[in-house]
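S.K.: Below is one structure. I have some questions about it.
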Amino acid sequence: MRLLLLVPLLLAPAPGSSAPKVRRQSDTWGPWSQWSPCSRTCGGGVSFRERPCYSQRRDGGSSCVGPARSHRSCRTESCPDGARDFRAEQCAEFDGAEFQGRRYRWLPYYSAPNKCELNCIPKGENFYYKHREAVVDGTPCEPGKRDVCVDGSCRVVGCDHELDSSKQEDKCLRCGGDGTTCYPVAGTFDANDLSRGYNQILIVPMGATSILIDEAAASRNFLAVKNVRGEYYLNGHWTIEAARALPAASTILHYERGAEGDLAPERLHARGPTSEPLVIELISQEPNPGVHYEYHLPLRRPSPGFSWSHGSWSDCSAECGGGHQSRLVFCTIDHEAYPDHMCQRQPRPADRRSCNLHPCPETKRWKAGPWAPCSASCGGGSQSRSVYCISSDGAGIQEAVEEAECAGLPGKPPAIQACNLQRCAAWSPEPWGECSVSCGVGVRKRSVTCRGERGSLLHTAACSLEDRPPLTEPCVHEDCPLLSDQAWHVGTWGLCSKSCSSGTRRRQVICAIGPPSHCGSLQHSKPVDVEPCNTQPCHLPQEVPSMQDVHTPASNPWMPLGPQESPASDSRGQWWAAQEHPSARGDHRGERGDPRGDQGTHLSALGPAPSLQQPPYQQPLRSGSGPHDCRHSPHGCCPDGHTASLGPQWQGCPGAPCQQSRYGCCPDRVSVAEGPHHAGCTKSYGGDSTGGMPRSRAVASTVHNTHQPQAQQNEPSECRGSQFGCCYDNVATAAGPLGEGCVGQPSHAYPVRCLLPSAHGSCADWAARWYFVASVGQCNRFWYGGCHGNANNFASEQECMSSCQGSLHGPRRPQPGASGRSTHTDGGGSSPAGEQEPSQHRTGAAVQRKPWPSGGLWRQDQQPGPGEAPHTQAFGEWPWGQELGSRAPGLGGDAGSPAPPFHSSSYRISLAGVEPSLVQAALGQLVRLSCSDDTAPESQAAWQKDGQPISSDRHRLQFDGSLIIHPLQAEDAGTYSCGSTRPGRDSQKIQLRIIGGDMAVLSEAELSRFPQPRDPAQDFGQAGAAGPLGAIPSSHPQPANRLRLDQNQPRVVDASPGQRIRMTCRAEGFPPPAIEWQRDGQPVSSPRHQLQPDGSLVISRVAVEDGGFYTCVAFNGQDRDQRWVQLRVLGELTISGLPPTVTVPEGDTARLLCVVAGESVNIRWSRNGLPVQADGHRVHQSPDGTLLIYNLRARDEGSYTCSAYQGSQAVSRSTEVKVVSPAPTAQPRDPGRDCVDQPELANCDLILQAQLCGNEYYSSFCCASCSRFQPHAQPIWQ
């Protein structure tokens, strides 16, 4: 432009000037080139041509005036239906390409400021990216508009599809028109009394063009758009959308609103024409400022009657390779939807078409599989995975190809990586503390913790693969001078009562030089027996092991019992032992050596105290024993009896390698166990579980022990951690799991295993277990270390009570008599004060029967054979609980003097009874038949049924000689005999009776012929487990346990359709009850309802109709009990009761039922897509969803839809309501006229099926048919 302004000045010479003439440069254009190919094949592309500029300028510029390139429109014809968007095709070129470490599928983004940049958004993400500076020429600037991008700029395209054309469409969409072919419809919706929510503004008719709807002022209200069927296109169901262009009614509807947080007027505009009516609504939240609307309709009147309308095409089902689109096609008139058959005279528009037929691009990429487990859990390892090349065609089909095809792709994932680089956990010992003594042999302690990377504190389980360094070690100083404190025997400290804050721990301090009176003058030097422990804050690890004791410690932990009367000699010598020895106390919750001590219930001694053995320190220590006697060492003696152990579990002892192993010794005391509970040990010991030690039993009465016991004797805290725990006196170490090698067995009528003290074993894998406290007849908890221990060890309280108390068929626990006295016949009784009473001398075999409440029933066996003493046995007593070879009471000896131990070389099998015991059980249960014979080591139990050997997979012989039958079948009923394989031995008989569905109940006469069976309810959890041990005939039949149902079971069961559920019903009682399930008072019986052997009801493939209340009824022939269970079927919503078509005469009442299966359901009715509001006069909606329309009119005809909503679920069902004109007044019929049907006017079969003969209008066409059919009542219009 600067040059153009200067040119005139150069052409006008100044007057009188002699300046030389300047020569003008001549830059010219060359010829135009050919037109380039069109940028698109359809839909309006752009072609261009270019021309060169010939210039003589030496600076590289040109002075040619005009454009060097010109453009024109081409291929303006519309693309075929279903063709892909042109901008979307350009974004799809980047599909599968790596972008910031990921691969995306890209879609076009239209809301960027520069409309001609190629901005794309990844599918499923919320950001867009500019892939190119400019889109391909001919790409529309915005969807729904004709303007296109050329060289990165938006250029105008006229309605004649020509580039830079000035021709525009008028409001009627005529190119270059003057707007005379249509008429405008405009107005303002300014109603102010709007309810909160959706309010209809207007309905834009089908065929409308140049639509504009906007708010008069900004507000917090929103516009919404839906079709006449109630389906929302914009802002439906209280979901407000962002500004966008959306397809609706075969046009593009542009929605404009302020950004999030900005307040701007709502605006809608569309080109049209619309292919269906659009309902415009205002979501009102504040006063309406007014909404302006304007649209145009063609001057030609639409054809009257019904016509087809259709919505916009849906998105293509596939992005390439061929997909399909669908749209809604429906019949309308007067902006309302009607059934399709109303438009059947007109051709129906297509509702489905193909789309995106172009082939999918093939892409290749690397794909990696999952990582394999790391080769090391810590300290650095490696893991690998498979990496391979896959080829994808974009349609979801992938296949693996050669890696060479992906060789050029960047970023191949690694196939190997390092893992678990953190440092392994290891034990971290603290420095040793000071020695516990200043002279002599003491102990020093230290703390050992499990530490991880950077010294972080970890749980001890993280270091379980390594042996934990010892927490204590002996320390030796110079010999101490003989001081008064040597008179005290000091035990090891017990567990701390708390793990942090403030705890206490105890130890045993007793006089070591004789009775307590010998130490009376040395009380000032008595070491403390209680000290604080674990005083650190609770966020720090505990300093010493602790227990969780919920009881407050008593001021005197050792509660002395009354004096034990000792036999004959030196009875006073045992008096002080009974006072000091910890086993002479009734409280068993704090036994020494228990690592936790959390005995859940405080048990008080209800029966006689266990008999006491003379402690090893009864006699004063002599100078010959020296000050370093192993019994006074911190960890007691080694198994040899004289070497001091250097640590727990006989550490440092000679010849005890298996004791020092992790899981200790096998029962042979030589082999090393490979795991808890003697894992890896041989099961066969020839009946000798003590490695050659005979399985003899100790006498049940108190024995005067004047010699050293056979078993090792330790302090109470030590023997519980030995291989088989303590003997009955809590001091001596047992030689076997059933108290082998122990003397002084208590006289309680319980199995031997139930008389032993709890033993936590020698390992440290602590777990809560149960043991039986014979002195009170109850079970209590204790902490078990995971290996070794004795047989008084049970997994649950029920198992404990079943194994110990379950063997008694008298009272459940020792019952005190009128004087609180418990009576026994094993040579002595027990006085209320705990003193042993001398047995009365008996001259005959008869034994006096005691009353029932005084401690149990007694019986006498058959008369003994020649030279054999009569054998008496307590009611319910286990036969092996007594010394089989012991001397019988009443045979020789002075009264009040117990017989000395008598070990017989032969083993006599004692029988529980000659008459058969009775066991009752139901089909499918598990039954254990126990043999009460105490067989010799070389003898084995043999079982027979009805005299024949037993051979079946359901019959399994156990190690203890018992027989398990599972599952129980009808043919298992009969008489079972158990006996020894040795000749000349008697057998025990057990009568097994099968209880059927009618529940057989024994009469009192039948009960008197059989010993009472064990109550199956005592073995709760092991259905049908019963045993006849100790069952005897009695004149006092066992009272039946009252029937009881477990009311703690779930009362509400939720299920989904098709699910399999179980409803439990646990009952117990005697006789065992029968279970029946009922529903609505009737037994439940169907192939899908199955009653299980344990009483539960299993329902397969639950259906909606299964929901309701079920009753479990238990009956045992005497008592009855029941409980109900509600089954709730949480299925999908369903609507029933609404037929497809309802015909109602004009003026009658339409009753539309909408029965919805489900709870908390909201029901809404609509007619032709518009909500039906109850007005309280003609239209009513009942709470159950029924719609009532009184005085029906012709304008009420239409499609009624019932919609049910429950949470996120929704379901709807429609019915067509047809209104028929009332029949004319019926004329008196000619009696002589024939009564015939008129099939050309009505289908009489349908009228009969619908029971419409009561309607005079319909019955007039079907006289003959209705005469043969007399309706019972007037039909209800539905």
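From the backbone N, Cα and C atoms, a Cβ is placed for every residue, glycine too.
What you are looking at is a predicted structure, and each value in this text was computed from that prediction instead of being measured.
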S.K.: Based on the record in Swiss-Prot, give the one of Cys1112, Cys1202 in a disulfide bond with Cys1154.
M.R.: Cys1202
S.K.: Have a look at 28-56, 289-317, 1014-1042 and point to the one annotated region 'Disordered' in Swiss-Prot.
M.R.: 1014-1042
S.K.: Determine, on the basis of Swiss-Prot, the cysteine among Cys320, Cys406, Cys419 paired with Cys360 in a disulphide.
M.R.: Cys320
S.K.: Quick one: average pLDDT across the domain 'TSP type-1 4' (423-481), no decimals.
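M.R.: Per the prediction, mean pLDDT sits at 85 for the domain 'TSP type-1 4' (423-481).
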S.K.: Per DSSP, what is the residue tally for the domain 'TSP type-1 4' (423-481) in helix, strand and coil?
M.R.: 7 helix, 20 strand, 32 coil
